[in-house]
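Enquirer: This is the structure I want to talk about, given as structure tokens.
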Amino acid sequence: MAEEKDNGDEEMETNRVKGFAQGHTASKVSETRLELDAGLLELQKKIKEAFEVFDHESNDTVDVREIGTIIRSLGCCPSEGELHDLIAEVEEEEPTGYIRLETFLPMMVKVLKERRYRPVPEDVLLQAFEVLDTAKGGFLTKEDLVRYMTEEGEPFTQEEMEEMLSAALDPDTNTIQYRDYLAMMVIDEN
């Protein structure tokens, strides 16, 4: 009889431990879910704030031409082709020239959560500049950079080239000191 009591006590203790473990696990799951919800809300807030900068009429729409700037301000670096695909994804069937926040927000949340269109790491950019710098002088001339950026691969537009040169060009030497330029343009993801 004492053995039956011990088995019963042991079974009760096992059930009590299981119940505690299940409750503890459920508590951890709830905590994790709350953290994820808070993270999602923070992400949505960040996207909405970036969108609102260009929502000049405060009607939850922005000019389609501003979408690239908004996406890039959120730390994404899509190519022009990828940008056109993103715009096509959020543009209405009958294009109006405007993108609505209600369609942009879920698409952008997905892009950011998947960490798509991340910037190229600094060491990869440095290697690319070093390949172009055949003299190994640590700089490129304005003419060489313009030629490389407008004639090779996916060419820069005139506007993109002017924007890059305005930030990168040393006016005294008319060269791009690419290590200095990289230090200025690399996004710190921390």
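Note that the numbers count up from 1, one per residue, in the order the chain is shown.
Each residue, glycine too, has its Cβ placed from N, Cα and C.
Pulled these features from TrEMBL for this protein:
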COMPBIAS  1-12  compositional bias 'Acidic residues'
REGION    1-24  region 'Disordered'
DOMAIN    42-77  domain 'EF-hand'
DOMAIN    120-155  domain 'EF-hand'
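Could you tell me the structural context for the features on the list?
Expert: In the predicted structure, the domain 'EF-hand' (42-77) carries a mean pLDDT of 93.
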Enquirer: Go ahead and report the DSSP secondary structure tallies for the domain 'EF-hand' (42-77): helix first, then strand, then coil.
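Expert: DSSP composition of the domain 'EF-hand' (42-77): 22 helix, 3 strand, 11 coil.
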